[in-house]
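**Q** Features from TrEMBL:
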{"type": "DOMAIN", "residues": "A:6-121", "note": "domain 'Semialdehyde dehydrogenase NAD-binding'"}
{"type": "BINDING", "residues": "A:Thr13, A:Gly14, A:Ala15, A:Val16, A:Arg41, A:Ser42, A:Ser160, A:Gly161, A:Gln318", "note": "NADP(+) binding site"}
{"type": "BINDING", "residues": "A:Arg101", "note": "phosphate binding site"}
{"type": "ACT_SITE", "residues": "A:Cys130", "note": "active site, acyl-thioester intermediate"}
{"type": "BINDING", "residues": "A:Gln157, A:Arg236", "note": "substrate binding site"}
{"type": "ACT_SITE", "residues": "A:His243", "note": "active site, proton acceptor"}
There are 2 protein chains.
Amino acid sequence: MANGFNVAVAGATGAVGVEMVKTLEKRNFPVKNLKLLASARSAGKTMKFKGEDVVIEEMTHDSFKGVDIALFSAGGDISREYRPFVVESGAVMIDNSSAFRMDDDVPLVVPEVNAEDIKLHKGVIANPNCTTAIMLVAVAPLHRAKGLRRIVAATYQAASGAGAKGMHELIVQAREVLDGKAVNPVAFAHQIAFNLIPHIDAFKENGYTKEELKMLNESRKMLHLPELLVSCTCVRIPVLRAHSEALNLEFENDITPEEARAIIEAAPGVQLVDDPADKRYPMPLDATEKYDVLCGRIRQDISRNDKRGLDIFVSGDQVLKGAALNAVQIAELL
Amino acid sequence: MANGFNVAVAGATGAVGVEMVKTLEKRNFPVKNLKLLASARSAGKTMKFKGEDVVIEEMTHDSFKGVDIALFSAGGDISREYRPFVVESGAVMIDNSSAFRMDDDVPLVVPEVNAEDIKLHKGVIANPNCTTAIMLVAVAPLHRAKGLRRIVAATYQAASGAGAKGMHELIVQAREVLDGKAVNPVAFAHQIAFNLIPHIDAFKENGYTKEELKMLNESRKMLHLPELLVSCTCVRIPVLRAHSEALNLEFENDITPEEARAIIEAAPGVQLVDDPADKRYPMPLDATEKYDVLCGRIRQDISRNDKRGLDIFVSGDQVLKGAALNAVQIAELL
């Protein structure tokens, strides 16, 4: 494939799909031919790629003939339906949905965390949950140095987690509230403007949400740590597109904030933003449209009587590192 | 004092002062005479109390003659300056600032937590930090039943924490952002609309902020638990006036979510809002202008191999339970 790869983007018109196309262009991915796939509703419209108009096609079971890499971001049901057709055509499916993430025969990959797992794929590679991906880019290098045991996480998740309609709802609602008008929540369970909602995805019997349990299960799989302990509270806040997380970390070995800063500074995909005296710390506004996850507020956990605890704060672009960028990075490694 | 108390409100025109006056009225506090004190700038203006106009007076060292109870919410420097004059006049000072909270001769009180400490006062009783007060109303009854050992907290704090000017800045800024205009942060270190800021109060050498350390030190004092361990990350979010907190709690003894719910349901000052199936959990919008702190998302901490851990989520009105209401409740107990 001297001339590059034939790439398909399934769900090209969604918030993540649009960023996948932009990221392929910005990172100069060797695309021989780009196929943009969506529902019949969007077929015939065009999207720009490297200055040229690409016509969006309706996705069918035959769409993947001759395709090398298929980036999927059209929801779990679509991924499940199309998987056999993609694999049969010989393409590799990089799937952003949660459909196959915990399947034994599907590697779940963040390149900075477990790139080596990619080679185990049997036609499908899964992109992790956005909140997990953002967390692990910062936590994995600390784990490699000091051995991670436990995470207590509280998240500050952006409206973009509910797609373009989530961002739209926050913007429309904020103006309605400012104008004293009634609001009508659709994308979220309650009003999100000037409010928060401690509820993302469905609740399970143990009181955690599926989103919160993904932080546990996907972290265990990607870090190859079946005993890792994680408790998480996932909260939607009125921010547009970057997720933040307050992380309380426990390690096997002692770790100082100075060591942690040096590790983060040397790690790929994460940028140290930790100068409180200069009012510099991770914020979603600064993380937006950045490839790197921002990491700061690093301090020795004072709620322990040893040096094995660390508190950190991270912000990362949910649409990029949380989804589109990560998928393209996986494609780059193929 | 069969006819009630002579009450002074120092800082009557601030966000908390206004709510103190409203709360005295709403809770039918036995006020014989109400003195509203503020800076020269506000003197001569009037505020309503029980349907009548009360003229605001400029506060001087002589203002407290004949006063029984002086509610202070005008900042730590003013409290420090006026303390000797208030005490000398024979009035009891109930102070909302952080000036005397950790002083050995000043009880720090949330009535639902440690009402018994009030009787130890020597003229001054301190109101705790708002975030600590909201947390302890929910946590204290759990502690009494099961013995609290450690808290890992992440907060979601409202703009009202910076007073009326904080709320104003959020509203003005939100409209500027929606209109595509430049913003000019004054009350906060950075843009708060559609953003978050993991920085409340000044940073200390250990990387924690003073706000975060108040959660540790004030909790230890009020719960009479000098060994209590607390690590906290305090974050400002674009919400108007109720603070929320994700709390990971560790106890001396086993505790189940069912036990915790029964304890919360029976406790004063806190309302159980914990029916995820019906999309009911604490949210700042629902806590706003409520006396009770809302508590929900109660679940067994799955990041432990025992039953001593609990995750909970609380929301409370920062201006009321976090400040004005708590001060009036202390006055009621005098």
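From the backbone N, Cα and C atoms, a Cβ is placed for every residue, glycine too.
Explain the structural surroundings of these features, please.
**A** Over the domain 'Semialdehyde dehydrogenase NAD-binding' (A:6-121), the average per-residue pLDDT in this prediction is 96.
Taken residue by residue with DSSP, A:Gln318 (NADP(+) binding site) is part of neither helix nor strand, so it is coil. Of all Cβ atoms in the shown protein chains, 29 besides its own fall within 10 Å of the Cβ of A:Gln318 (NADP(+) binding site).
Within the same chain, residues at least six positions away from A:Arg101 (phosphate binding site) with a Cβ under 8 Å of its Cβ are A:Leu108, A:Ala126, A:Pro128, A:Asn129, A:Lys214, A:Glu218, A:Lys221. DSSP assigns A:Arg101 (phosphate binding site) to coil in the three-state reduction, outside any helix or strand.
Residue density at A:Cys130 (active site, acyl-thioester intermediate): 26 other Cβ atoms are found within 10 A of its Cβ, drawing on all protein chains shown.
A:Gln157 (substrate binding site) carries a strand DSSP state (E or B). Its Cβ taken as reference, A:Gln157 (substrate binding site) is surrounded by 27 other Cβ atoms within 10 Å in the chains shown.
Look at A:His243 (active site, proton acceptor): DSSP puts it in a strand. Around A:His243 (active site, proton acceptor), the same-chain residues six or more apart in sequence whose CB sits under 8 Å from its CB are A:Cys130, A:Thr131, A:Ile134, A:Thr155, A:Tyr156, A:Gln157, A:Ala158, A:Gly161, A:Pro284, A:Ser315, A:Gly316, A:Gln318, A:Gly322, listed in sequence order.
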**Q** With the NADP(+) site defined by the record as A:Thr13, A:Gly14, A:Ala15, A:Val16, A:Arg41, A:Ser42, A:Ser160, A:Gly161, A:Gln318, how many Å span the farthest pair of C-alpha atoms?
**A** 26
**Q** Among all the protein chains here, how many other CB atoms are within 10 A of the CB of A:Ala15 (NADP(+) binding site)?
**A** 22
**Q** Taking Cα atoms as reference points, which of the binding-site residues A:Thr13, A:Ala15, A:Arg41, A:Ser160 is nearest to A:Arg236 (substrate binding site)?
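**A** Closest candidate to A:Arg236 (substrate binding site), judged by Cα separation, is A:Ser160.
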**Q** In this structure, which of the binding-site residues A:Thr13, A:Ser160 has the fewest other Cβ atoms within 10 Å of its Cβ?
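**A** Least crowded of the binding-site residues A:Thr13, A:Ser160, by Cβ count within 10 Å, is A:Thr13.
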